[in-house]
Amino acid sequence: MHSSSLSSSRPWAKIVAYSLSALLIVLVFGLHKWTQASPIMFDIWSYYAYLPATFIEGDLSLSFLDEHPEYIDLYYQPVYTEDGERIIKMSMGLAVIYSPYFFLGHLWAHLHTGMAANGFSQPYQITLMLAGPIHLLIGLLSLRKFLLAYVSEKVVAWTFIFIVLGSNLAYYASNEGPMSHVHTFMLFSLFLRGTQLWFREQSWKHTLWLGLLSGLIVLVRPNNVLIGLSFIFFGVYHWQSLKAQLQLFWKNAPKLGGLLAVAFLVLLPQLFYWKYISGDWICYSYKNGQYTEGFFFDRPRIYLGLFSYTKGWLLYSPLMLVAILGLFRLPKGLRWAFPIYLLLNGYIILSWWCWWYGGSFGHRAFIDVYPFLSLGFALFFQAFFSWSRLLRWGVGSVLGVFLAFSMFQTWQYIGGIIHWDSMSKKTYWDHFLRTKKTADYKDWLISPDYEAALKGEVSYWNDYRKKEEKE
């Protein structure tokens, strides 16, 4: 295992992290998305709704929508319980993360007489967009400390360049920064560093911090509870080390109890909200019209999720293959923790009824685990810098081409050339490396059948792409 003493005198990874964050802030203001359409839309409505409902309307039951029915589709998008009560679809974790930016926007709106202090006007939109690059920076700085235990400063710097610019992370930290992914990236980075520190020293400080992070991570998305597997198996690499791990946990049982207690306290507001609205402590609010959204664990869409033209993760972020290859060089203390978590999490991601995750660039659900995959990048680059100069030039040139290609595809998506959910094989290759749409662009888009997917119909998966493609 390498220590941070291997790093060069200059903190290049820190410099790169700040530079990337600054670049994305410039991009946010350069695109000024709020002048075209509100960035508070679609899924973000449900993440964000707790804040204006609580601090502006003072009514989490959303009864004020009776007087303002136009707000239902415009701002709040509630779903309904079996008793007909309105309920916010998503859990409130992201609202907690958004809150500093919401309050800053609220102050701005009050100070600016021409702006409505309603939670949705431009001051709120602009401050919320800033959260993406800022939280990316926090995540990268935490990730740097984690990675320096294994590789050098130079390697971490290159890792940051490729994990951000060579994937869909840059897009989701800027253009769609309010979406959950960059914020989960930050939380997972903090969790990895917190786990690393806890196994060095089982102090109450590290324990309570991990409890706070764990609660917030689950509050953002309940199935994030799986990240606990990376803690349980951290440092385990054979059965004897697993036995030692269990002994360590037994020895620190009071602290682990404290960790769980803090995590539960973080989750309590959500439980109280569900009880207040539905009468039940646990309320499954993922509704879509007459259907309940869920998982189809008997038919995970592995090939489609990884390689399809619709939303193939490795088609739209091909450099992530490098990160996967790098994971084969994992240090022994992570050889159980990382694969167990990543494989199980990937299985769950691709078992979701909407395996393509709606309108998005690439497969956005995988962004959440990029902190784990960043170690794969780092371990690859560590080996890369030990190769001969000729081999480095050759492989480096290929990596540079794919980095430029990834950034170009991001530009294509922003420009509407890559469609948000209806790409076909013909559409993809007709627009490969192109800067404009062809005249027949819309003719070859193939829209997914969302209703069939909600019902889990096998025919949907087999038939929805059977549109004949002419030569």
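Including glycine, each Cβ sits where the backbone N, Cα and C put it.
As recorded in TrEMBL:
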TRANSMEM  12-31  transmembrane segment
TRANSMEM  92-111  transmembrane segment
TRANSMEM  123-143  transmembrane segment
TRANSMEM  155-174  transmembrane segment
TRANSMEM  211-236  transmembrane segment
TRANSMEM  256-274  transmembrane segment
TRANSMEM  313-330  transmembrane segment
TRANSMEM  336-357  transmembrane segment
TRANSMEM  369-387  transmembrane segment
TRANSMEM  393-414  transmembrane segment
- Note on the structure: Here the stretch out of 92-111, 211-236, 313-330 with the most C-beta pairs under 8 Å to the transmembrane segment (336-357) is 211-236
- Might you confirm whether the transmembrane segment (313-330) is in contact with the transmembrane segment (256-274), defined here as three or more C-beta pairs under 8 A between residues 6 or more apart in sequence? no
- Task: Sort out for me which stretch, of 92-111, 123-143, 211-236, 313-330, 393-414, has the most Cβ pairs below 8 angstroms to the transmembrane segment (369-387).
- Result: 313-330
- What else in the chain is close to the transmembrane segment (393-414), if you only count residues 6 or more beyond its ends and a Cβ gap under 8 Å? 31, 161-162, 165-168, 170-171, 175, 316-319, 322, 361, 384, 387, 420, 431, 433-434
- Task: Count the Cβ pairs between the transmembrane segment (313-330) and the transmembrane segment (92-111) that lie under 8 angstroms and are 6 or more residues apart in sequence, then report whether there are at least 3.
- Result: no
- Message: Are there residues at least six beyond either end of the transmembrane segment (12-31) with Cβ under 8 Å to its Cβ atoms? List them, or say none.
- Response: 129-130, 132-134, 136-137, 140-141, 144, 147-148, 153-154, 156-157, 159-161, 164-165, 170, 173-175, 177, 414
